[in-house]
Every structure is written in C-alpha cells, then in structure tokens.
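So that you can see what the record holds, here are the features copied from Swiss-Prot:
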BINDING   106, 128, 130  Mg(2+) 1 binding site
BINDING   128, 131, 287  Mg(2+) 2 binding site
BINDING   131, 132, 133, 134, 223, 251, 281  substrate binding site
C-alpha cells in the first residue's frame, strides 16, 4: 500500500492539526480586535505548563524539586519547592511579554507588578501555580489553575482593588492537569475545550471540544476525614450517598484532578467549611472562581452551598470560600440538604 492509498478521515486530520493557538484564534473571532492579546496570553500559559510538566517529569531525578523550602506562604501553609518553581515560571514567562500588568498568585501576599522598564499590558493573570503540591513527592497528579481579568482603573496605589470583583468579570479561565498526559482545559466564555500536550511536537493538540458535564454523575469527591468537623447538613448528605446505590467516592488531594474527573464523568466536588475553618480552604480568586467559570460553561453548577460562586465578591485577595462544584443535579442535591437544615434550625 502506498502513502497515497492510506485513507485518513478528515475529522482526524482536523483534530490533529488543531493546536491550542489556532483554536484560541478561532474562538476570538467573536471578540473585538482589542482582545487579540488573549491569544498570546494563552500561548504563554501553555508555555508555562510545558516548563512545569518537564520539571515534574524529572522530579525524582533532579535536586531542589521534592520537599519543602522551610518557609510558609501568606496562608500560613508550608511551601513546597515546586510551588516556588512553578510560581517563578509564570512570572518569568509573562514579565517581558507586554501582555499583562500584574500577576496575582496564591503563593504571593501581593500581586507582582510588571516593572516599569518592561512593556506593560492591560490584563491580570490570577493563578494557583501548583495545586495539590503535596502529591509531587509521591508522584501523583497535580495541576495549575488560571484566570484572566482585564484591569479596571489605574491601580496607582497598588491595592489591586479592582480584582475584588465577582467571577463573571473573568474573561477566560482554565487549568493544566499534570498526570499520565498533560492536559490543558480552557474557556473564553463560549464552551469548554481540552488539549493534550504531544511531547513529540511540543504542542497542545485539541482533544475534546465543547465539553458538557453530565447533568448527574456517580462521583462524590470530598475529604471525609473532616466529616465530624462539618455542619450536620453536610454529614446528612454524606450519609445519604453512603446509603444509596450508584455513588462512588473519589478524592485525590489535588483539586484540578478531582474537578477534571467530575467534568468528564459527572458528580460533585465538595470542600465545605469546618468548625476550625468555616470559610473552607480554597481561595476564591485563584481556585474556585476559575473552576466555577469552567464548570458553568460546561453546563454544570458551582456554589458555596447557598450562593453561586461567580456571584461572590471577595473582600480581600486571598479570601477563602466553601465550594460545591459539579453536575447541576448533584450540586442542587447538596444545596437542598443545606437549605432544609437551615429551615429546621429556623423552626
């Protein structure tokens, strides 16, 4: 058989030829001309993901990759060496890009402002450089989360107060999952799309377009080690799924991995508040708002148990929030346990 006799379906060729860069440009056709910088921003995010993925693939072979730095971050959490590396990668990739004016990370107390001697853009990148970094030392999946917002006002006082806005202000959001393959999932507000990094090409190639989360799914993902620290409503919900067939518990300790599973298979991710931390653990600007943006674009639902996550307005950059994210029916079910419990308390 000659090469000319080999039949390759056009659909396969189209998908194989659709890089992240090409796809983003297609998505931006419906945007104004002033939004074209978003394509370059996405390319830079992809570059950061490639650099982090390469580092992770050699984590057990290189020095200064595994373990802790001995420092704590703004949340009082011990900082892993990969946290520092990944955060520095994002800064290095964007510092002289001329695309952003600030980078806000959960690893930094205040945003990083692009120096005046560098070209300065009008967008802000908010990100969690490495989510689930405790998994790095044992070779389990981790991820990066990102969101893009446009600067509003001049921010002359360096307070970044314009970032204290609801999640609907996000122009784009996504995550990169570092697992058996490296997957980038993003949305510009018109569907959710996933790309797999082809190591031989060094390109993110379209894997799935217009992802739709099932309306109901079998997965419930939560750390049941906190069971006795939750409100009674959440304990009642957990007892409910224990008693009913068709539910499966899956929890990896990496938010991106758990959300990706639910996006693909359906179900619900829960990180409620506890007696010790009533506002939960997850950061609104860097974690839950970007993921809520994605899940809603895929037809899902995201709330703090009472309010839509994208409606929440933070009062500080590192504000935390409880999170219930996933299939619409499953999130509504959890919310119903919470509302019923409040009604009983009211009576």
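Using N, Cα and C of the backbone, Cβ positions are placed for all residues, glycine too.
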Show, in sequence order, which residues other than 106, 128, 130 on the same chain lie with their Cβ within 8 Å of the centre of the Cβ atoms of the Mg(2+) 1 site. 83, 86, 87, 105, 107, 127, 129, 131, 133, 144, 145, 286, 287
Is it possible to get the count of other C-beta atoms within 10 angstroms of the C-beta of residue 281 (substrate binding site)? 19
How far is it from residue 128 (Mg(2+) 1 binding site) to residue 251 (substrate binding site), counting Cα to Cα, in Å? 19
How many whole Å apart are the CA atoms of residue 106 (Mg(2+) 1 binding site) and residue 287 (Mg(2+) 2 binding site)? 9
Using C-alpha atoms, which one of the binding-site residues 251, 281, 287 comes nearest to residue 130 (Mg(2+) 1 binding site)? 287
With the Mg(2+) 2 site defined by 128, 131, 287, which remaining residues of that chain have Cβ atoms positioned within 8 Å of the Cβ centroid? 106, 127, 143, 144, 145, 255, 256, 282, 283, 286
Long-range Cβ list for residue 251 (substrate binding site), cut-off under 8 Å, min separation 6+ in sequence, same chain only, gives 221, 222, 223, 224, 258
